[in-house]
Amino acid sequence: MVSMVLSSLAAHSSSLYHYHLFPDASPKQTYTGFSFQSSRPISKRALRSVCFLKAGDEKSKPDIIQDKEIGLDWPILKRWDVPWEWQTVSLTSLACGLSFILTGLTEAVAIPYLGIRLEDLNLDEKAEILFLDQGITTAVVLGVLYTIANKFQPLPEDVYHYDLREPFSLQKGWLLWAGIGLGAAVMAVALTGAALSFGGESPQRETDALVRLLPLIGSSSISTACLVGITGVFAPLLEENVFRGFFMVSLTKWVPTPVAVFISAAVFALAHLTPGEFPQLFVLGTALGFSYAQTRNLLTPITIHAFWNSGVILLLTFLQLQGYDIKELLQAT
């Protein structure tokens, strides 16, 4: 199980080493009358409970419609009310991708131009540069995303929605469903790895990038804090806004929400450029998508993603402090 989680983080870490990290409205429903037929005679007692409504009493119709929908209100199946068209989706996706790449290239050129020699930096300074790099990339991409979204103000309530209230609400509690989603993701990824191994198709372990980051893990409180900030704050904030908050939501304009979840999960997995880890990343992306669809609150997938990523860093730090050779452990797994 640890090996699967470690390999998932490795996908994130590969680009970090090169100083950038890759990252309802429900359909309108109309009320139709239902006729009920029965061969059994209706008793007078039953008639007393029947409420007769005049056809012209428009004031009471919304109440009936609302009552009919109670029990059929499944947020996880509802589509978003997307205010933009496919042209905006395409151009925004392109703009986010270009801003990510150009930011990385700019930083790669700026570092030697500023006279910074990476080989001369100590571990804490390297960790700080990684932290600054990911912070700048996150700010630039989210700036592009929200600048375009602002052109469609006022946005629907559940688009780019953050809400700290009622974290344990059974229907839309962001913290409750983050816990459920994280548990489901861990079990699903474990089962996926076991199924692949059982079928003789054990996925390739992308641990090289994580091994290169090992000197930073647990070397000091500064380096550990920087890595946790990168993997547990910036990466989840960036990726969940792009893949769930924008891309998945946009897809629901044309396809049902579950289909949008699967498509966005596939794109999320492919974007990490680690084919050997596609099944695990796809399963993780699916759990993130359905958790978000349930709560309509971006805090839910961001929390799951944060615990998934930073949990690995903290686990490796703990093992190293306990005297384990985590490099040997990673290579063995």
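Easy rule for this one: first residue shown is 1, then count along the chain.
Keep in mind that glycine also has a Cβ here, set from the backbone N, Cα and C atoms.
Residues or ranges marked as transmembrane segment by TrEMBL: 91-116 (among others).
Residues annotated as transmembrane segment in TrEMBL: 128-149 (among others).
Sequence annotations record features per position, and here TrEMBL assigns transmembrane segment to 174-198 (among others).
The transmembrane segment annotation in TrEMBL covers 210-234 (among others).
The domain 'CAAX prenyl protease 2/Lysostaphin resistance protein A-like' annotation in TrEMBL covers 225-310. On the 0 to 100 pLDDT scale, the domain 'CAAX prenyl protease 2/Lysostaphin resistance protein A-like' (225-310) averages 96 in the predicted structure.
What TrEMBL lists as transmembrane segment is 254-271 (among others). Beyond the ends of the transmembrane segment (254-271), by six or more residues, the same chain brings 22-23, 76-79, 86, 239, 243-244, 247-248, 277-278, 281-286, 288-290, 293 to within a C-beta distance below 8 angstroms of the stretch.
Summarising the annotation, TrEMBL assigns transmembrane segment to 301-321 (among others).
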Counting only pairs at least 6 apart in sequence, do the transmembrane segment (301-321) and the transmembrane segment (128-149) share 3+ Cβ pairs under 8 Å?
no
